[in-house]
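Taken from Swiss-Prot as is:
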BINDING   Leu19, Arg20, Gly61, Lys64, Thr65, Thr66, Arg170, Tyr180, Arg217  ATP binding site
BINDING   Thr65  Mg(2+) binding site
BINDING   Arg309, Arg314  DNA binding site
REGION    1-180  region 'Large ATPase domain (RuvB-L)'
REGION    181-251  region 'Small ATPAse domain (RuvB-S)'
REGION    254-341  region 'Head domain (RuvB-H)'
Amino acid sequence: MAKSHTLNPEEEFEEESGLRPSLLSEFIGQKEVLNNLTVYVQAAKNRKRALDHVLISGPPGLGKTTLAGIVSNELGTRLTITSAPVITKGADLARLLTSVGENEILFIDEIHTLHKKLEEILYPAMENYMIDLVIGEGVTAQMVQIPLKPFTLVGATTRSGLISEPLKSRFGIQLRLDYYNDEEMKEIVLRSSRILGVKIEDDAALEIGKRSRKTPRIANHLLKRIRDFSEVEGNLSVKKGLCLKAFEKMGIDDLGLDGMDRQILGCMIDRYKGGPVGLKAIAVVVGEEEKTIEDTYESFMVRIGLINRTPAGRVATEKAYRQLKRMQDFSENHGQDPTLF
């Protein structure tokens, strides 16, 4: 397996749990992405040249970092992992770029947060494997070109719209990860359970998958918690009934909504009659950062039809009222006869 080097792991990345797939053949779901990536990787191997630069976008927890590791393993090359928020100076980025060896991979997470001045250092690095540095100050300042070894930059982002067009256009390979379906989530849970040594029935794995917000990272977390409940009860295998009891105790409903999701929807319904309401107002009421609400909670609820984004603000849908069993409030907020519901 190719070696991996992580910068500031205590702040930016979870330790490898052994649950991440290490090869393309082990990755479940995202078929179109995998099929295309397999071709790109094989072509780079055949040419014995660096893979073109890769931009991977999509919601959190879908496998962006995992895919970077897989590409590294498939190519048999070293992977250096960092995150854009920890790169604050041009010298930091220059040190990173000059430390990357021939055909190696530099992975930058949250690349949309990279400062525009630092982006400008990346442009010649990505195009010509060269960085331009200014040495000295004032009239004695000189521009020095430092050659780099051919390398692959893999950028990951949850907000591709915030990446400048000049930077985005320099990624020859652009991949978008989407939420997983229930069957894919079930297979991910079954795979993880085998690695963890947890005996689990198919319908239990499906139940965990359905409540994991279509996100593998969450599925693995929930599987471990279900394992805790199962072991404490002395069960030999995980059954659906145990999962249902455990999820009720953890406050996770059949769509995967937790207490914060319900608090956000409740805020919209109780304080703003279902909306429209601005994200900032919601954040103040529930005591959470706007970015966290938008990336972690709202994006999923929009995807499954509980929240609509409109020019005037966020609106709770009829489905949201039904999920919270608050159709009486829906009829009152929308001036409809409650007997119809």
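Placed from the backbone N, Cα and C atoms, the Cβ positions cover glycine too.
Fair warning: this is a prediction, and the values are worked out from it, not measured in the lab.
On the structure: features taken from Swiss-Prot.
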residue: Leu19; record: ATP binding site; CB count, 10 Å: 18
residue: Gly61; record: ATP binding site; CB count, 10 Å: 22
residue: Thr65; record: ATP binding site; CB count, 10 Å: 23
residue: Arg170; record: ATP binding site; CB count, 10 Å: 19
residue: Arg217; record: ATP binding site; CB count, 10 Å: 19
residue: Arg309; record: DNA binding site; CB count, 10 Å: 15
residue: Arg314; record: DNA binding site; CB count, 10 Å: 25
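Counting only the Cα atoms, the space from Thr65 (ATP binding site) to Arg314 (DNA binding site) is about 31 angstrom. Arg309 (DNA binding site) sits 26 Å from Arg217 (ATP binding site), counting Cα to Cα.
When the alpha carbons of Arg217 (ATP binding site) and Arg314 (DNA binding site) are compared, the span between them is 27 angstrom. Distance noted between the C-alpha atoms of Leu19 (ATP binding site) and Arg314 (DNA binding site) is 36 Å. The two recorded residues, Arg170 (ATP binding site) and Arg314 (DNA binding site), have Cα atoms 34 Å apart. Pairwise Cα distances among Leu19, Arg20, Gly61, Lys64, Thr65, Thr66, Arg170, Tyr180, Arg217, which the record gives as the binders of ATP, peak at 32 Å.
Between the CA atoms of Gly61 (ATP binding site) and Arg314 (DNA binding site) there is a gap of 24 Å.
Residues in the region 'Small ATPAse domain (RuvB-S)' (181-251) partition by DSSP class (helix H, G, I; strand E, B; coil) as 53 helix, 2 strand, 16 coil.
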